[in-house]
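Record features, source Swiss-Prot:
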- 264: active site (ACT_SITE)
- 195, 196, 197, 198: ATP binding site (BINDING)
- 1-317: region 'Ribokinase' (REGION)
- 343-473: region 'Cytidylyltransferase' (REGION)
């Protein structure tokens, strides 16, 4: 695992904890209510996502691991929405539906990427509710590589000691994302992952790294943990492992957009990596990378294997000549980083300044430029039997050498419509006096929310003119 990602498909993970439905209402606001000094939000969209232990399970599944989720929900509309969302994400659910109990729900109203208000819908769980999960928990433990306890303090995990004891009996590591000011009921777990605020609530202020390490090691020993991972926001993470020196990792976040669910991502990646055979240090390195990715997303979100791979090896998105299938993979990686994909096409038989300027202008419209190129047979059908002058291999090589071109891909049809419909670029560019309706693939791009931009060709530059000059001379 030291040279890349582990084989997550071999991991068998059990998640138990507070299952939450995260709801987002997106809208616009431009005025204050006449009824009270509050903004009026015109709702334009609604979105549901699994939260809490549900988000942990979704994160594990997104990496390709097998995951089972145990938790308590109500018998309401929110419960049905949660079951559907989790099943769609590949999570095997063993959720106990409780009558007359509201499914834990957090409703956030968002405008211009800013959270205006959060509304919580919840009822108190009693110990008997949590005990109802014990038979399913004992059964689900069999064959699992790790167990993750996701504690949001909502009542599902009122007696974590029983869960820890059952896990230890069968030799399954227990990972816990803790909650509250008393960590004593997590005694005997394998590792816990408090954030800095939670950690200091238990041990007191840590003004420097030395005090954090000393107090952390004391806590690790008191709780009989094999390891303690403290997440420290912009200061990264600190891993304290029995028999090893402290490991301090700087943050990998490029831009912090939303910290919602970051702790879920940390423990899910940590758990999946340990389940796949990684060491505590290796798993922490991956969890740190994943946290850096997820805080750059809005709301409760997950991190995919491709995103992790790209974060570990940022040069993995190579430029140049590519096949269609490779191109689609590269595009997915680029989009996971929020990059805008621009696409154009043509024969590019004899590359001239008009082509170069056109491609440079197209590249300025986004972050990545794809150039789709007609193969030799296609050019001959379009331009005549004496074309192309340069073979497909020659044309691809010259285009790929341009600084503004990221990927060059050939196609064999008369138009690139099929290829464009697979790529679905954010911006489709064409040169000349076309109308959008005349451009191959334009309808599919627009239907997907993309744009069509028509650029003007440079006067006095054309392949036909160059060929005529050569013939005359």
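Placed from the backbone N, Cα and C atoms, the Cβ positions cover glycine too.
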Lowest local Cβ density (other Cβ within 10 Å) among binding-site residues: 196, 197: 197
Top Cα neighbour of residue 264 (active site) in the set of binding-site residues 195, 196, 197: 195
Recorded positions compared (198, 264) - the one with the fewest other Cβ atoms within 10 Å: 198
Intrachain C-beta neighbours of residue 195 (ATP binding site), sequence separation six or more, cut-off 8 angstroms: 230, 231, 232, 233, 263
Reduced DSSP assignment, residue 196 (ATP binding site): helix
Counts by DSSP class (helix H/G/I, strand E/B, coil) across the region 'Cytidylyltransferase' (343-473): 54 helix, 26 strand, 51 coil
